[in-house]
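Below is one structure, written out as structure tokens, with a few remarks after it.
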Amino acid sequence: MRVAVTGTPGTGKTTATGRLDTALDVAHLNDLVGTEGLYDGVDADRGSKIVDVDAVRDHFAGREDVLVESHLAHRLDDLDAVVVLRCAPETLATRLQDRGDSPEKAAENADSEALAIILSEAVRGHGADAVYEIDTTDRSPDAVAAAIQAVLDGDREPSAGTVDYTDYV
């Protein structure tokens, strides 16, 4: 099984996937990008690596039994399931600023969340029948992990389009 856990930065991907009890190899893409050199350069304005998506796809090509966690994980090929973590934009902006992001970066990510950018990309790339949307706003990390586990165990139906934050914009 090839699974992506994706979502706007700050939705809880790393925390939740760290609590899963799964036989899948859990890969934290943000770590791999640096250690494996899967980037083209650095964005001087944001201070972040510019991910080479083709290199990432090549890195995971042919690998089965893997769960990839990242805000870019939905861009991988041949995924069996894409779990998109969502969070209320106001809560997301607070989380991001609490962890040290600038107000501008937090606002940019909150706007992306309100517009469902990652969800839209996931559905466009993999179809609604492969996408599972989970709202993390009022859930504990353990509850989010349990919801992801339900997807892995086949106990949850696809749910793309069930969370709506467009009133934020």
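First residue shown is number 1, and so on along the chain.
Keep in mind that glycine also has a Cβ here, set from the backbone N, Cα and C atoms.
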Which listed span Swiss-Prot calls region 'NMP', if the choices are 4-27, 28-51: 28-51
Candidates R63, R75, R99, the one Swiss-Prot lists with G10, G12, K13, T14, T15 as binding ATP: R99
In the chain carrying K13 (ATP binding site), residues 6 or more apart in sequence that have Cβ under 8 angstroms from it: V5, T6, G7, E69, S70, H71, L85
